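Data first, discussion second: the structure below is written as structure tokens.
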Amino acid sequence: MPEPSKSAPAPKKGSKKAVTKAQKKDGKKRKRSRKESYSVYVYKVLKQVHPDTGISSKAMGIMNSFVNDIFERIAGEASRLAHYNKRSTITSREIQTAVRLLLPGELAKHAVSEGTKAVTKYTSSK
């Protein structure tokens, strides 16, 4: 049985072929695509609740996934509610109802009160 063929040998030191993939033809480096996340906001909330506590990058990744998941669930439920009521706009009322439907008991009450507080603060600052 023949050996599996290996990829091209690595270029030698000083070789002109050793141009990285991140470089364009004119020598400029390609700009890295920005990865959006909630890490800044998770960190701010953590410092409000536990000022002396840190968070690992793995835990931050988990928190980011959690926030994305909850966002998608609430947005999906709010969209469904708007569709049921033949509305084309998702308002704070749909979001509030979606939160009440998705989150259990006391957690929903706290989320609704915090949301109402945030909306009030936003509208008063305008």
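A Cβ is built for glycine as well, from the same backbone N, Cα and C atoms used for every other residue.
Given the structure is predicted, the values throughout are model-derived calculations rather than measurements.
Copied from Swiss-Prot, the annotated features are:
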| type | residues | note |
| --- | --- | --- |
| COMPBIAS | 1-12 | compositional bias 'Low complexity' |
| CROSSLNK | LYS6 | SUMO2 cross-link |
| CROSSLNK | LYS21 | SUMO2 cross-link |
| CROSSLNK | LYS35 | ubiquitin cross-link |
| CROSSLNK | LYS121 | ubiquitin cross-link |
| CARBOHYD | SER113 | O-linked glycosylation site |
| MOD_RES | LYS6 | N6-acetyllysine |
| MOD_RES | LYS12 | N6-crotonyllysine |
| MOD_RES | LYS16 | N6-crotonyllysine |
| MOD_RES | LYS17 | N6-glutaryllysine |
| MOD_RES | LYS21 | N6-(2-hydroxyisobutyryl)lysine |
| MOD_RES | LYS21 | N6-crotonyllysine |
| MOD_RES | LYS24 | N6-(2-hydroxyisobutyryl)lysine |
| MOD_RES | LYS25 | N6-(2-hydroxyisobutyryl)lysine |
| MOD_RES | LYS44 | N6-(2-hydroxyisobutyryl)lysine |
| MOD_RES | LYS47 | N6-methyllysine |
| MOD_RES | LYS86 | N6-(2-hydroxyisobutyryl)lysine |
| MOD_RES | ARG87 | omega-N-methylarginine |
| REGION | 1-36 | region 'Disordered' |
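Taking a C-beta cut-off of under 8 angstroms and a sequence separation of 6 or more, LYS47 (N6-methyllysine) has no same-chain neighbours. Nearest neighbour of ARG87 (omega-N-methylarginine) by Cα distance, taken over the recorded positions LYS35, LYS44, SER113: SER113. Checked against LYS121 (ubiquitin cross-link), the recorded positions LYS35, LYS44, LYS86, SER113 differ in C-alpha distance, with SER113 being the nearest. Separating the Cα atoms of LYS44 (N6-(2-hydroxyisobutyryl)lysine) and LYS35 (ubiquitin cross-link) is a whole-number distance of 19 Å. Of all the recorded positions listed here (LYS44, LYS86, ARG87, LYS121), it is LYS86 whose C-beta has the fewest other C-beta atoms within 10 angstroms. Sequence-distant neighbours of LYS35 (ubiquitin cross-link) (same chain, 6+ residues apart, CB-CB distance under 8 A): none.
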